[in-house]
Amino acid sequence: MDSESDDNPNDPEDRKKWGHKDVEHWRAVSNVHYYAREGYFGTAILVCDGRLATIKDPALAILKGVCLTLLGKIPDAIRHLETFVTDNDVALGALHALKWAHASAFNPDNKSIVEIETEISTRARNEKTPYTSYATASEVLYFAGEYQKSKQMLDIARKRATEKHAKHYCLLGWIELALGKKQKSTQELFEKAGGQEYPDGNIGRCKILEGHHSAPEMKVAANELAISTIHFLPGHIEKAKASIMMKDWRGVMDCIMNADQPEGSNPYIEVLRTVHGICYAGEVSMLKRTLQLLLKSLDENEATNHVLYARITKLLVSISGRDEKILRHARDFLTRALKISRKPDYVALSMRIAFGLGGAKEVSTLSQELVALDCEDSYAVLSSVVSMLMISRVSDARAQFDILPSAHPKLLESPLYYLIASVLAKQSKDKSFENFRQHIENLVEMLRNQLQSFPFGLDYLSLFSSDLLYSAVEQCFDFYPLVPIKAPDDCMKLTAKTLQMIYDVAPGLAHCTLQLARNSYLCSNTNAAEKWIEKVLDKDDSLADAHILRAELILDRGGKITDADDALVTGLNFNFKLRETSLYHLIKSKTFKKRNENDEAIKTLKMALQIPRKEPSKNLFQPKESADTHKISVQLELIDTLQHMKRIQEAETTMTDALAEWAGQPEQDQLVIAQAQLYLTKGHVERALGILKKIQPGQSNFHLSRIKMAEIYLEEKKDKRMFAACYRELLKVEATPGSYSLLGDAFMKVQEPEDAINFYEQALKMQSKDVQLAEKIGEAYVMAHLYSKAVNFYESSMNIYKDKNMRLKLANLLLKLRNFEKCEKVLRAPFERDPEPVGTETIQTYIQFLLLLAECHEMMDNVPEAMNDFEKAKSLHSRIQDKTLTAALKKEGARICNLQAELLYRRREFSQAVDICKQALAYHETDLKANLLLSKIFKEENKWTLVLQPCQTVIQVDPHNDEANSILADFYYIRSEAAHASTSYTTLLNTNPQHWHALSRVVELFCRNGEQNAAEKHLDRAKEVNPRCVTESGYNVCRGRFEWYTGDQNEALRYYSRTKDSAAGWREKALYYMIDICLNPDNEIIIDENSVENPETTIVEEASEQQKLAKYYLDLLGKLPTTDRFLLAQNFIRMHTTDKSAIQAALDEFNRMAFNADRSQVTNVGAVFGVARGHVLLKQVQKAKTVLKMVNGRVWNFDDSDYLEKCWLMLADIYINQNKNDQAVTFLDLVFKYNCNCLKAFELYGYMREKEQKYVEAYKMYEKAFMATKERNPGFGYKLAFTYLKAKRLFACIETCQKVLDLNPQYPKIKKEIMDKAKALIRT
């Protein structure tokens, strides 16, 4: 019965009831099935023995026989199975298993096989044969690999059974999976089995999800299994595998711990522990024990399972990164396999290990054995070539290498083939780096393609071949610069890409990470190098070379010499042989040089030159790096130190000796270029040019010297003419397409595209099929603003080269030119020709067409069509991800979703945008754009509780992300967490001093905290970075706010007024602040209850002027949407008068805004202050007090802070006038709690103590106020001097008076009333 019939509602199978659940049997069978499928046959037998020792279970006993057969224990299997051939319930299964065992014997007993086949036929035709017998036979045939026969047997079993059995559904699922049937129907079979709590059904679900690369769903399914089925180890193993797929290495270790197995008891668990240890933990001290535990576990559980030993060996070698210790341990595993069976594949694997360890003799021996064996493994086929290259027999190796692909075409798909090709390219006559680079690129690309279809897991890691990748990296060492260069060249980029590939898979391989640090250091990216070194030491702090590189970095970055010394000593402690290397002495000399101990530096360098040169290895796979080429760097450093000490003659002699020593060797060319680079780093530009000019045509480094000279002329001397002349000289000597192209690149670099076009066209004539050259011509036309020519060129090139990238470039250009119709036509054309693209690369290109089409449709205001384009792009992307979901594909899926979400965000369709962002995060959980967009949306929707999580995710990935840090700081600000907010805003300003939003918040927070100097430093720093920032509205609002806090209202008004004509935002803030100052100049209330009752002409006129000016500013705001803040300002202006009717009208409006319908709750603190102010002006003080008390207990926040402060100050003022000073102090202290710099609070406090004649306490308050205003406010100066006088602090009084008069000569009142009296008192 096919699985398709399970979907049929009329299927008789569906009308049957489910059979009995035998939980213990199910668990045992599921365990055995799992281990047998995974190749752990010995472990499966132990599970069988454990159950069979306590209970009779014929079906399980048959499975034991199957496992014995799979393990190659044929006699044991036959003896065991013969006892069950008469058991009617399992006879068919026993007979099939017995037939398989006999057929697997070294000398099969054909007579016995015929007899068994006869018995099978008889029983199969017998109607009385029970369904269990057929079901058991189906199991046996499944494990024998006869899936079609297995299915036939299972169909009969299901028909004969009177009940439905979960075991049957599950087995059918595994058979269909093996036959490659539709996975949807197969998944339904597993789900039906799993629904009946049959463990292997859930394992099947995990297998399908693994094939779909659906790690999160697989982890959920495995987790359900681990929880629901107690002590079912495969559930924990599958969960660990899902964690590996997600690269959640900590989760892997959690699964191992939760499995709760004694160390070394289960080989599968130990494999996972070992993979975690090598790929992630990287703890060298623990790794030896971990590998020993794995070997012990295999010896105890799988002693005769040579296939498993070999499989684990291959896994270890593949993830070793060619680490010597791991390879030696791997050899121990392979030795077990080879003792049992000397299969050709095992010998080839042995060859791979020997090659990795650099054992030329062993490789030679194994090569001779492999030649005699029939083995298609690339290590076997290429073994003799490898052997020859390891002893420098280049010509013999090349001759054999050239003919091998014709006999073995599959070699061209082998990464090892391209590694050998790269070595031979280095040994060719022209020593072309381009050829070498191409072979390494092919190696990386070939490996990447082979891995693409595999989910990230144990099979992926077995194929990964980090040992080969690291060998490829080592080959690049010979092209490394001797001293750091300004920007990475092709070699450094290639190496970094390869190393990054290793790091992405196995960050625990510290020696590979160290090479990333070294790469960054040589590319002058010291920040990245430092971070990589930290990661290296985090994994393996015993790596001496990491400490040495750290010392070098510290010195180059101008760090503490003691730190560099410490790093050197630490490195030396871990590897004392470092004293015998030139590098150690080179770095040691630099520490002496930093201390100006130049004689010691020279002595150390000379000592390094006396170290005997190591004999270069004949092994061409070993880089010359290991032969200590740092000697050249030592010679260059010695020359530089001697020159620094004016010992010119000695320096020249050293240079001559160095050139003579390396004469005729490739190092000689490197020496000259490195010397020029060294001069350049010291700022000696002319010396560098002088050395490079000496290199003449015909010398191997002529090409490189002229490119270096061009770089110096452009970047150091800003001489475009000489920059071009260097390339012209190159062209004169080498008139190749490459030289013409280089000259074109040079003119593009100096913004002269017309000249570039001429040279590019010349190169294209010589190399007409070069698509990259054609692209460069198109780019040059665009740079030259020759758009119609660019369009025509792209159109013709698109038709000539049939290149999809040309179509993209044409469409992009048409989009920029706003030629939407033609752009749409160009992008739609491929879909009209081929609506259903096939192949990963083609589909990816079509996705780019759709994304560009979406942009085009959005610009045409055809948003529905743009959304349709995005959906098509996602649909195409899902077709690729069904096959494989690599990290790059995940990021691409997230990018598509992000572009769609950004479109929705721009249209303020937030709900849909959030949904699409979540789709992006399903692809890539830590995607920066998606998380950042979610944060922005939640911020705009005022959903602050949702802002934090996506924002923190961004910061974890990118700690210096400006936008995320700004949103996070705002989150803390809104939550009134001042300390957190200050720290976050300060971090932003350290990165960008002109981050006006952060600066405005910092001014607010610091001034409230009494740290005006700190606030002013940030303002001054912004001005230092960009003196023109004084014209920017953001700066002026921040400065105005600072001046307001420090009591200079006129200065504040001056800064605010500069923003009146700027764009909304800062302008709006400034206008509100200006209105506030107009109504409350110098922090003094002009209109009070007395002026309303008895209006004086001067007060009425002054109030009228202020009101008019405030109205003017309000009118400027009138075009903005009416908000609560606008209404507050409007009514405060209306109240700023002596007209009682106007005051009452404003009061009524404030009453409407301040409370809810039943007046039980405050809805607007600003309006409450307005109500209270109105009551005070109308001499209804008690009513004012009652209203103000309603804000008591309100949680303080920055939004309400100004008006809460005003309410508390008004209450304090009322209590002071009523002589209730204790109550007044309560509210003044409340003000100081949130604004320890409040001038009005200082004033009221001082006034209150004056009334009590406590002049010492009064002057302390006035002192704080006067200091807060930078001693510029004459009012506070007067009050301070007066209280000094009353407290008999006469000299302080006179000094204060003098300060006031120095700044305000027009303030004679202080001299007459206070200063003169103080002087008179001193005289008496």
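The backbone N, Cα and C atoms fix where each Cβ goes, and this holds for glycine too.
For the repeat 'TPR 1' (58-91), the residues of the chain that approach it from at least six positions outside its boundaries are 25, 28-29, 32-33, 36, 41-42, 44-45, 48-49, 51-52, 97-98, 100-102, 104-106, 119, 123, 129-130, 132-133, 136, 139-140, 143-144, 304-305, judged by C-beta separation under 8 angstroms. The repeat 'TPR 1' annotation in Swiss-Prot covers 58-91.
The repeat 'TPR 3' annotation in Swiss-Prot covers 582-615. Sequence-distant contacts of the repeat 'TPR 3' (582-615) (same chain, at least 6 residues past either end, Cβ-Cβ under 8 Å): 548, 551-552, 555, 561, 564-565, 568, 571-572, 626-628, 630-631, 633-635, 637-638, 641-642, 644-645.
Summarising the annotation, Swiss-Prot assigns repeat 'TPR 6' to 772-804. Restricting the average to the repeat 'TPR 6' (772-804) gives a pLDDT of 79.
Per Swiss-Prot, repeat 'TPR 7' is recorded for 806-837. Within the same chain, residues 771, 774-775, 778, 782, 787, 790-791, 794-795, 797-798, 843, 845-846, 848-850, 852-853, 855-857, 859-860, 876 sit at least 6 positions outside the repeat 'TPR 7' (806-837) and bring their C-beta atoms closer than 8 Å to a C-beta of that stretch.
Each residue in the repeat 'TPR 8' (847-880) gets a DSSP state, and the totals come to 31 helix, 0 strand, 3 coil. For 847-880, the entry in Swiss-Prot reads repeat 'TPR 8'.
Here the repeat 'TPR 9' (894-927) has Cβ contacts under 8 Å with residues 847, 851, 854, 858, 863, 866-867, 870, 873-874, 877, 933-934, 936-937, 940-941, 953, 956-957 of the same chain, all six or more residues outside its ends. Among the features that Swiss-Prot reports, repeat 'TPR 9' is placed at 894-927.
Taken through DSSP, the repeat 'TPR 10' (929-961) splits into 26 helix, 0 strand, 7 coil. As annotated by Swiss-Prot, repeat 'TPR 10' applies to 929-961.
The repeat 'TPR 11' annotation in Swiss-Prot covers 963-995. Same-chain residues lying 6 or more positions outside the repeat 'TPR 11' (963-995) and placing a CB less than 8 Å from one of its CB atoms are 931-932, 935-936, 939, 944, 947-948, 951-952, 954-955, 1001-1002, 1005-1006, 1008-1009, 1018, 1021-1022, 1024-1026, 1029, 1032, 1034-1035, 1195-1199.
For 997-1029, the entry in Swiss-Prot reads repeat 'TPR 12'. Note on the repeat 'TPR 12' (997-1029): residues 966, 969-970, 973, 978, 981-982, 985-986, 988-989, 1035, 1037-1039, 1041-1042, 1045-1046, 1198, 1201, 1234-1237, 1268, 1270 of its chain, located 6 or more positions outside it, place their CB under 8 angstroms from a CB of the stretch.
Positions annotated as repeat 'TPR 13' by Swiss-Prot: 1033-1066.
For the repeat 'TPR 15' (1240-1272), the DSSP counts in helix, strand and coil order read 26 helix, 0 strand, 7 coil. Here Swiss-Prot flags 1240-1272 as repeat 'TPR 15'.
Under the heading repeat 'TPR 16', Swiss-Prot lists 1274-1307. Packing against the repeat 'TPR 16' (1274-1307) from elsewhere in the chain are residues 1047, 1082, 1084, 1239, 1242-1243, 1246, 1250, 1253, 1255-1256, 1258-1259, 1262-1263, 1265-1266, 1313-1315, 1317-1319, 1321-1322: each is 6 or more residues past its ends and has a CB under 8 Å from a CB in it.
The DSSP breakdown of the repeat 'TPR 1' (58-91) into helical (H, G, I), extended (E, B) and coil residues amounts to 23 helix, 0 strand, 11 coil. Counting Cβ pairs closer than 8 Å and at least 6 residues apart in sequence, the repeat 'TPR 13' (1033-1066) and the repeat 'TPR 15' (1240-1272) reach three or more and so form a contact.
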